[in-house]
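A.B. asks: Before we start, here is the structure in question, set down as structure tokens.
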Amino acid sequence: MRLLDWIVLLGTLGFIVIYGVWKTRGSKDIEGYLKGDNSMKWWTIGLSIMATQASAITFLSTPGQAYEDGMRFVQFYFGLPIAMVIISITVIPIFYRLKVYTAYEYLESRFDLKTRSLAALLFLVQRGLAAGITIYAPAIILSTILGWNLTLTNLFIGVLVIVYTVSGGTKAVSVTQKQQMAVMMGGMLVAGFMVVRYLPESVSFGDAVAVAGKMGKMNVVDFSFDWNDRYNFWSGMTGGLFLALSYFGTDQSQVARYLGGKSVGESRLGLLFNGLLKIPMQFIILFIGVMVFVFYQFNQPPLFFNESAKDKVYATEFAPEMEALEEQHTALFNQKQEAVHGLVAALRTDDETAIAAAQAEVQGITDASKVVRNDVKALIAKATPDAETKDTDYVFISFVMKYLPAGLVGLLLAVIFSAAMSSTASELNALASTTVVDIYKRSVKKEKDNFHYLRASRVFTAAWGALAIIFATYASLLDNLIQAVNIIGSIFYGTILGIFLVAFYVRYIKGHAVFIAALMAEAVVLYCHFYTDIAFLWFNVIGCVAVVVFGVIIQFFIGQKDDRTYA
Amino acid sequence: MKETDSKPAEELEKPPFFKNWKSMYWLVLGNLAFLITLFYIITRIYS
């Protein structure tokens with residue numbers, strides 16, 4: 001990294017942190033600290049919601065995903081706008097009427113204390129682990145690419161977030177997220193512009209998109225139905241809707257964003273703003289990945305984008321094999337150059353026969369290159385068994401580091417750090433508010449003054465931040481850690497969603513029934529995890545459906561004796 | 001009694017640009033339908 005990059009990176013992050021602390025200084029009570037005095041306007045809420053969802057991995061992985069698999073990942077977000085409308089109509093008015101600080105607080109008025117505490121505890125376990133990964137995942141990639149110390153990178157991200165989140169609470173999170181979103185989108189648009197500019201002079205933007213299309217990367221929508229296909233229109237509209245409802249409706253890191261709104265209307269507009277812009281935003285990020293793919297049709301890509309993993313093989317007895325694969329890779333690229341230019345020329349003629357012939361030639365070489373890349377992955381796994389053989393997360397950052405000029409590298413790194421910080425800040429804020437409001441204030445220290453709970457909120461924010469850093473620091477000691485955390489999340493998420501689904505839509509079921517149903521559902525999910533081969537993503541559905549089904553059965557046997565009033 | 005009298009306060013708050021929230025929701029859903037159609041056309045043109 002050059003001096004200008006350091007200035008841009010540290011200047012951008014420093015400004016955001018100092019601005020966040022200064023702008024939100026002097027929170028005097030828990031209302032201001034955890035709900036931002038209900039002063040947030042809709043654009044702040046909307047940007048804050050988008051920044052919370054967009055973690056560093058979004059900006060590192062998504063372009064890589066498009067490079068490998070094309071645009072079709074955008075379909076995953078098709079259910080999100082529908083979820084925003086449903087939550088705006090049903091969830092927001094209830095939360096506002098009850099003046100809740102957390103989503104789980106609502107469960108006490110709808111059911112009882114034990115159900116509220118259970119949901120809060122399930123959230124704390126799941127989100128507490130996720131906060132560590134939100135820091136660790138970008139830190140491991142950045143430290144690998146830049147040669148930085150992993151522990152220091154973890155500490156750098158974690159401490160910056162703790163500074164302004166402890167100081168200004170939820171308002172600081174939302175205020176800084178506005179700047180972070182501006183940096184993220186500005187940086188990505190500049191990167192997109194640069195990658196198109198770096199295409200050969202003889203290749204226009206239209207040629208680039210046409211080449212991407214002929215190489216299967218412009219596959220944005222697929223209406224065919226296939227259970228085994230992860231991303232198509234149907235899975236996006238159903239699974240995407242289901243996930244968005246649970247994430248935006250029951251996860252405190254998102255609920256806190258819109259609970260800080262000035263009014264129901266501001267909160268609704270914030271969510272609808274996300275519903276309007278989320279898909280175009282993901283489309284742009286994916287499209288940048290596709291343009292990086294086209295760029296590498298005219299410029300030789302690395303044999304393996306995580307070059308540090310490849311270099312480690314050169315230090316072993318397998319070095320000659322790696323050298324041979326490098327030679328094959330270069331030869332295939334040189335061969336491909338002619339074929340790709342031939343495809344561009346054919347596309348300009350509109351001659352379908354010529355286009356099909358050129359496309360087949362390019363495809364043949366691409367398939368051969370894939371075989372070489374798979375051989376490289378197998379060799380890396382053989383030579384260094386602990387190494388990660390998936391390199392798509394390194395595609396975009398590798399392009400940034402190698403081709404962007406001084407200053408822009410710093411800006412793109414600021415994008416990644418901003419994304420890591422924005423989602424971590426929301427998580428720490430949500431963890432602290434749930435700990436204080438749903439556990440500490442409700443069940444541990446009930447009769448303290450406002451200042452006591454404000455101080456407790458700050459202490460818990462710092463404590464959760466420290467825990468996240470510690471978890472991120474030791475994360476590398478575990479194998480497949482990201483998958484492990486996803487599994488843990490799926491184990492709890494379904495049950496939490498089931499409880500909320502019953503709370504909002506199944507009025508027949510009451511407190512005792514839903515509590516027992518939630519415990520039974522959790523037991524079923526745990527049984528599935530330990531004793532079956534069911535894929536962990538299904539745990540979300542199983543947990544949710546089990547809560548509803550068990551709830552109905554148990555309520556039937558208990559009878560309608562519970563006379564708790566509904567919200 | 002007027003219909004609006006029985007509505008909770010938050011229902012009375014108007015969204016910007018539109019007369020009621022229903023129109024806002026249709027805007028979001030209409031935008032989704034427009035994007036899916038646009039993406040479908042892009043897929044067809046460039047495949």
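Quick reminder: no glycine exception, Cβ is built from N, Cα and C everywhere.
Automated prediction, rather than curation, is the source of TrEMBL annotations.
Quantities reported herein were computed from a predicted structural model and do not represent experimental measurements.
According to TrEMBL, the protein carries these features:
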- A:6-22: transmembrane segment (TRANSMEM)
- A:42-62: transmembrane segment (TRANSMEM)
- A:74-96: transmembrane segment (TRANSMEM)
- A:117-139: transmembrane segment (TRANSMEM)
- A:145-169: transmembrane segment (TRANSMEM)
- A:181-199: transmembrane segment (TRANSMEM)
- A:231-250: transmembrane segment (TRANSMEM)
- A:271-296: transmembrane segment (TRANSMEM)
- A:394-417: transmembrane segment (TRANSMEM)
- A:456-475: transmembrane segment (TRANSMEM)
- A:481-506: transmembrane segment (TRANSMEM)
- A:513-532: transmembrane segment (TRANSMEM)
A.B. asks: Taking the transmembrane segment (A:513-532) as the reference, which of A:6-22, A:117-139, A:271-296, A:456-475 gives the largest number of Cβ pairs under 8 angstroms?
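C.D. replies: The stretch with the most contacts is A:117-139.
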A.B. asks: May I ask for the residues of the chain that lie six or more residues beyond the transmembrane segment (A:145-169) and have a Cβ under 8 Å from a Cβ within it?
C.D. replies: 1, 13, 17, 20-21, 23-25, 27, 32-34, 36, 135-136, 138-139, 175-176, 308, 394, 397-398, 401, 417, 420-421, 424-425, 428-429, 457-458, 461-462, 465-466, 468-469, 472-473, 476
A.B. asks: With pairs closer than 6 in sequence left out, are the transmembrane segment (A:117-139) and the transmembrane segment (A:456-475) joined by 3 or more CB pairs under 8 Å?
C.D. replies: yes
A.B. asks: Could you name the stretch, out of A:6-22, A:74-96, A:181-199, A:271-296, A:394-417, with the greatest number of CB pairs under 8 A to the transmembrane segment (A:42-62)?
C.D. replies: A:271-296
A.B. asks: May I ask for the residues of the chain that lie six or more residues beyond the transmembrane segment (A:74-96) and have a Cβ under 8 Å from a Cβ within it?
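C.D. replies: Distal contacts: 103, 106, 220-222, 231-233, 235-245, 248-249, 255, 258-259, 263-264, 267-268, 271-272, 274-276, 278-279, 282-283, 286, 504, 567.
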A.B. asks: Given the transmembrane segment (A:181-199), which of the listed stretches A:6-22, A:271-296, A:394-417 has the most Cβ pairs that are under 8 Å apart from it?
C.D. replies: A:394-417
A.B. asks: Can we call the transmembrane segment (A:271-296) and the transmembrane segment (A:394-417) in contact, meaning three or more C-beta pairs below 8 angstroms at a sequence separation of 6+?
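C.D. replies: Result for the transmembrane segment (A:271-296) with the transmembrane segment (A:394-417) is yes.
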